[in-house]
Amino acid sequence: MSDIKTPPMIITQPKSVTVFNVEDLLMSCEASGNPPPIFRWTKDGEEFDPDSDKELKVSESSGSFVFRTWSKDMETVKKYEGKYVCFASNELGTAMSDEAVLNTDVPPTQDKDEKVNAKADEGNSIVLKCNPSQSSMKHIIHWMDGTLHHIQLNERVVVGKDGNLYFAYLTAEDSRNDYTCNAQYPDTQIILAKQPITLTVNPCNVFLCPANSVPRNRRPHMMRPTGSHSTYHALRGQTIELECIVQGLPTPKVSWLRKDGEMSESRTTKDMFGRRFRFTNISESDGGEYQCIAENSQGKAFHTYTLTVEATPYWTKEPTSQLYAPGETVRLECQADGIPSPTISWMINGIPISEIDKDPRRTLTSGSLILEDVNFGDTAIYQCKGTNKHGTILTNTNVYVIELAPQILTEDGNTYTFTEGQKALLECETFGSPKPKKIYHNRCLILAFYQYCQILNFQLQILTESVHRVHSACFEDEMRVKYDKYGHLCLRYTFEGEKFMITNASPEDEGVYTCQVITRMDMAEASEFNSAITCLLPKDRPDPPTLLQFSNFKYRSLTLSWTPGDDNNSPVLEYVVEFEDQGSKERGWEELKRVGGNQERVTLSLWPYISYRFRVIAINDLGKSEPSKASEIHNTPAEAPDNNPEDVRSESVDPGTLVITWQKMDKRHFNGPDFKYKVLWRRVVGSGPNWHMNYTTGPPFIVSDIGNFSAFEIKVQAENEEGAGPRPDPVIGYSGEDVPIEAPIDVGVLLIDSTTIKVTWAAVDKDTVRGHLLGYKVHLLLLLCWFSPLTKREKKVIGDLKPFSHYVLVVTVYNKKGEGPPSETLSFKTQEGVPGPPMSLSLDSQSETEMTLHWGPPVEPNGILVGYLLQYQQGNDDSPMQVEEIVDPKVTQLTLRNLDRHSHYRFYLRGRTETGDGEPVMVKGATTLDGGKRLVDCSLFFTGFHMAPHRIQSELENDLYESITAPPVNISVTVGEKSANVISGIKFFPTFSFFSPSAEVTEVQQSIATQGWFIGVVSAIVLLLLILLILCFIRRSKGGKYSVKDKEEGPMDSEARPMKDETFGEYRFVTECLI
C-alpha cells in the first residue's frame, strides 16, 4: 500500500495575520501526498515566488513550505500586504489552500494626553473617557487607582464597551485624583496607562439640594447608546454584546426582552450588572428586535435594538474524494448556505473551470459537477468554492481514475463472539478500483461462546445480516444467582444447586423473588410471588477487569483489550486505562485514556523509549472498581526528540558573560538514551554565519569573556542517541550590562515661568549606555533663596523650584546596573513671582474717624517687593471698593482718615512685585466711638513649612504619586528615554497661626514678629539650613528622589525603540494647597 500514489492534500492552512513587528511575518503551508508535493504561491491573484525575493527567508522541507522576512524595517514589510493562496502539486493534481490575508499595523503606543480635571455636582451623572490608543490589536480596559487597585464597579459605576467609566449618579466619595484607564493588549503583553483623571464632586448643599441637602431623584435616561433605537449587524457564529448604560437616581434596574419572539436561554447571558446582553455562537434565529428597559422609582427609559444576523458561507453538502475506474460516471455534489446565499463555482487543479476548454463529458447542474465516461486524464483535484459578501469557503476533492486489483484489508483469523439469537456482523473491508464486490460462502461453523454454550450446525448468511439457529443449546455451567432482601444480604438464605432455600420463613419475607442467570454474554431472569417472602437484588461497584492483552503493535501505539468483570447489577459507564512508567515509578499510576463502558479494547498512543505497564479500572454509578492486575511490561523503541525546549532566553547579569537558559524538557520527551541539550550562539553583527556550539545536560549555560551588552542569536536543540530534534529558530539575547560611561551633554534650562523650567539635553550614544537604556535622572539642588533685603526672614523659606531662587542641576543616564557619570553642573535662577500674603496685619484706631494699619512683609516675597496694594470697603459687599497704592516697599504702616465712625470696614492688603499682586491678608475693624485707643488685630505668624501632597505628572510616561511633608533640600527626578523634562508648580507653603481678638480688646497686642528672641531663633534656623544645603549639594546622590517613572522592563527590546534626538518630552510637577 505504501507504493500507491496519493494526491496532495493541504493539512496545515496558511493563516491570516496582522504584522506589528517584523518577527510576526510568517506564512506557512503544509501538505501530504505521494510523490511529495511541490509548493507555489499567489499574492492578490498573481504568481508570487518567495525564493526570488532577497528580503524573504524560505524554509522548505518534505511536505511543508514556510517563508518569513529578513528585514528589520516595518516599511519594507508593508509591501507584503495582500491575500495569499498556497498550491501543492504532484502528478495527480493540485490542491489549493484557503485564502490568508496579511496586514501590517504598528503596535499601540503611549499617547500624549492632557491632564483632565472633571467637576460635577453630587447626584449628577458623569462619564470619564478612556480614549485608548488606536490599534487593530484587541485590548482590555482596566480602570484602576494610583495604587493599581481596580476601581470598584457596581450597578451605579460601570465600564462601557467603549472603555469609558460611567457613573449613573455621583456621591461625595467618588472624588479622587487617580482614576486611571489602563489598556491591556494581550497579544503583545503591553499595558498602556492614560493620564490619571481628577474627579471633584461638589457636595450637595442648600443651594444645589434645597430639600434637606439631599440630591433630587431623577428618572432613568440613556447614556449609551443615545436615542431610542439602534441597528446591529452580526455574523452567524460570532459573539456579540448589546449594551444599555443608564443614569438616574436611585440607580435604575435594567432588564432585557425580545419583542418578536422568545430569547435563546442557552446562547444568551448578561454581564456588567445587567448592562450588557451577550450572544454566544449567534445564529440566524436570534435576529429580531430586543429592548432594554431601565426603571427606578421615578420612571422608565427604553431602547430598542434591531438585530440582523447574516452568515458567511458554510457547507451543507461536500463532495467526497474517491477512486474511480475508467468509464464510470462521477457526480460531485457541492452545496453551501449563507446569508446572502453564496454563489458556487468550480476549479480544476486551482484553475477556474471557465478558463478551461469545454468538454461535453463535463456538466454543471445546481452546483453539482458531473463527469461522464471518465478516463485516466480526468485524474485531478477539483475545488468547489462558495462565496458571498462576507467571505469564501473552499474544499478540495480528489478524483483518482485508476485500475487496481481487489485487496482484502481485514486481518485474517479474527474471532467474533455472539449470543444465541443475536444478529451477527462479520467485517470485510476491501480496496480496489473498480470497487470490489463481496461474495460470502456459507459453511458449517462451530463457535465457542466462552465455554458457556455451544451452537452446533451453525449457518451464517452474511448478505441478509441474520443468524438462523438450527439447534438450540442450554446453559448449564458457571451460573451465578444473585439475591438480596430489601437491599441487605440474606443471611437466612441458602443456595443448593438450582434451589433457593429460606430458613425460618416469616411474614416479613413476603414479596416477589427474582432469579437472575447471568453469563458473560447476556442475562435471563424469572420471577415468582411468594406470599411469605421477598428479596431485592444488591448493587455494588463493579469487579475489576481481567485478562489484559496487547495487539496491533506499532512504534508509538498498541491495542489493549480486556475482559470485563461483573458489573454487580449497575452497568459500567466507562473504563479508565492507567499506566506506570517503570523508569519513573515515583510518579505512580497515571491516567492515560478513558473509553465508554460498552468497549473492551482501546488503541493507546505511547511515548518513545518508555517502559509501560497498564491496568484498567471500571466505573459505574456506585464508584470505581479495584484496579485490574497490571499487564506485562511493554517497551517502546527509542527515537530522536520530537521537539526542542521552550522559552529560550538570556538572563545575563554580570558584565562580559552571556547566560543562556530555557525551560527544561519533561523526561518523557527525551525519546531516547543519552539525552542532552545542544546550545548554539553567535553574535548578531560582525561574526559571520558560524555558530559556536556546546553540550549540556540542563540550564543555564554560561559563556564568558564576550564583552558587555552585545546582541547574540541563541538557540537550544534537544538531542539523544538516535539523533537531534527539529531545527530550532534563533532568538535574540544579550550579554550582561555594565554602568553607562558617558554623561549627557548640551544640558539646557528654559525658564517658562516662576515655578516652571524646561530641561533639555542631547541623547547619549547608545553604545556608551552598555545596557538597556531605562532613562535619565535629573538632579536639582536649591542653593540659595533670592530675597529682598527688606525681608531677611525669607532666607528660611527653602523649597523646590521656588520663585526667585538659585539652583544647580545635573543630568545622568541609567540602566539596570546603575547611573552613569553626571553632566556638567548647570546653574540657573528662577524667575520672579508674585508674593505671598503679608505676614501680619493689625489695626490701631486713635480717633473715631481714623485708623492706622500695621503690617509685616510677606514670608514668601518670591521676588523684590516694589510696594503694597490696600483695598477696603465699608459695611457689606455692596459698598464700593476703595484702593490705596503704597509704592515704597519699606513702608509697614498707613493711616486712613475721614472714616465713618458708625461703620465697620474690611481691609485687604497685598504685596507687589514686578510680576504682579500677591495673595491678600484680610481683617475687619471699626474706629473707636469715644476716641479711645482700640485695636482689631488679625496677625499671621510664621510657624513652619507645609508642602501639600503633590503629583509628578509626565506627558511621556505613567504617573507616580508622592507626598512630602517637609521641604527637601535636593530633588532627583527620573525620566524616561526622552531627553526633555518640564518641572513646574512645586510650591512650599508656610504654615501660619492666626490671632484675632474680639472688638472689645482695647490693648494693642505686640506682634511676635517684632520680638527680639524670635528674630534670633529665626536667624539661627536660616544659618543651619544654609549649612545643610551646602552639605546636601556635596552629597547630592543621597538626596531625596522622586521617580517620575520606574520603567517596566517588557518583552520588547529597548534597542528596537531607539530615541530620536530631536524629540523632547515635557514633565510637570503639579501641586495644590488650600489654606
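Keep in mind that glycine also has a Cβ here, set from the backbone N, Cα and C atoms.
Look at TrEMBL and you will find 8-103 (among others) tagged as domain 'Ig-like'.
Sequence annotations record features per position, and here TrEMBL assigns domain 'Ig-like' to 107-198 (among others).
The domain 'Ig-like' (220-308): residue composition by secondary structure is 3 helix, 54 strand, 32 coil, according to DSSP. Summarising the annotation, TrEMBL assigns domain 'Ig-like' to 220-308 (among others).
TrEMBL lists 313-400 (among others) with the feature domain 'Ig-like'.
Under the heading domain 'Ig-like', TrEMBL lists 406-534 (among others).
Marked as domain 'Fibronectin type-III' by TrEMBL: 544-639 (among others).
Per TrEMBL, domain 'Fibronectin type-III' is recorded for 644-738 (among others). In the predicted structure, the domain 'Fibronectin type-III' (644-738) carries a mean pLDDT of 89.
Among the features that TrEMBL reports, domain 'Fibronectin type-III' is placed at 743-833 (among others).
Annotated domain 'Fibronectin type-III' per TrEMBL: 837-931 (among others), in sequence order.
What TrEMBL records for 626-652 (among others) is region 'Disordered'.
The feature region 'Disordered' is assigned by TrEMBL to 819-843 (among others).
Under the heading transmembrane segment, TrEMBL lists 1013-1034.
Within the chain, the region 'Disordered' (626-652) has long-range Cβ neighbours (under 8 A, six or more residues past its boundaries) at 543-546, 548, 550, 555-556, 558, 560, 562, 565, 578, 580, 582, 589, 606-617, 658-665, 669-673, 675, 677, 699-700, 712, 714-726, 728, 731, 733-737. Secondary structure of the region 'Disordered' (626-652) per DSSP, as helix, strand and coil residue counts: 0 helix, 4 strand, 23 coil.
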